[in-house]
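Trainee: This is the structure, below, for whatever I ask next.
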Amino acid sequence: MRRRGWIQFAALCLAIYVAGWNDGTLGPLLPRLQEVYHVGYAVVSLIFVTNFVGFFLGASTYLYVTDRFGYGSVTSFILAIGNSLQASGGPFPVFVIAHIFAGYGESFLDAGSNAFLASLSENTSTKMGIMHAIYGVGAMCAPLVSTQFARLPRWSFVYLVHIGLVTLNAISQMVTFRFRRQDDILAEIGQPPPQKTKESEAGVNKYKQVFGLRAVHLMAFFIFTYVGVEVTIGGWIVTYVINERHGGANSGYISSGFWGGLTLGRVALLWFNKKIGEWRVIFIYVVLVLGLELVVWLVDSLLPSAICVALVGFFLGPIYPIVMNHAGTIIQEELISGSIGWISSFGGAGAAAFPFITGAIASGTGIGSLQPLLISMMGLMLVIWAFVPRNRAQMK
């Protein structure tokens, strides 16, 4: 059972690595996309709109699809369809539409991995930190590759790497989980099924129960904002550095520095999270990244900006796994999967919405508007988190 549990964990890590790779690719490509397709900030940001549509559809159907078809379903192949359209290097509308498929498929990678891991009864916090560090590794490695492809005539071939990774993940999911439901998979490693809620026994469906929890909506909006900050930095920081800090062709590596800091923070700060307390430590991290983002904005120098961006990633990194773990501790066991599926899918929507808003604003005011927007979003995170219950007793 222990060996089987580690195999399942490895499959989840591969899925989240693919999600990280997908999120980390676009940033260094944005200047090239503007050059190839002759579009401005607002038009190129349509990519994020269609990605939002895909994530929203994924969030809306996650519970139904996984309950009906189980883990290892065909959603990975939907992501592969999107990557195939992207790799074709076709007209800009085709590239934009491809992100609907990519967003839908990635929403299941995020939601499925987080929901499954949060339902485990042993070492959940540590495993959550490790798994999301793997996400950071994927997001860190992707810009290293896409920066090189951005210089080539066939820049779109970077998405052939995506197709290979997605195919590998689909095989891993099918072999490991074999289209079974989560309760059956957990039983395989000796974990009993979750205790049913009174509402379930009375015949109330899971959708109604999940959407009736105020804490779920608070954490969903928090993650919506958090992931929006994370992906906005990863996606637009290269453009910001090139235009505002006069960075050169290697500016794409700053994006890797951000994702690398995020990866390191998710592992290196595990002890600090436990020492301070996961609910309280989030306030510390958000205040720190606020201060660092002010330095990036106000200090007109490339090197300090690059260092602070990496440190922003370092302190921003632990927040996501902490929220997923916190949700698993305050929500009733039977509703964890559906709740975290909704929360993480909502985060994917933030990954699409806020980068689009950034591009739309930048089209009128310039990319310099990135920093005040990020700072306001970080302030919003502080406000939302203050209303999230500390424990299950406060859920009542």
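A Cβ is built for glycine as well, from the same backbone N, Cα and C atoms used for every other residue.
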Trainee: Looking at 90-111, 156-177, which one does TrEMBL call transmembrane segment?
Mentor: 156-177
Trainee: Would the transmembrane segment (303-323) count as touching the transmembrane segment (130-150), i.e. at least 3 C-beta pairs under 8 angstroms with sequence separation of 6+?
Mentor: yes
Trainee: Most CB pairs under 8 Å with the transmembrane segment (335-357): which of 156-177, 215-241, 253-272, 279-297, 369-388?
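Mentor: Going through each listed stretch, the top one turns out to be 215-241.
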Trainee: Are there residues at least six beyond either end of the transmembrane segment (279-297) with Cβ under 8 Å to its Cβ atoms? List them, or say none.
Mentor: 272-273, 304-305, 308-309, 311-312, 315-316, 318-319, 322-323, 326, 371-372, 374-375, 378-379, 381-382, 385, 388, 390
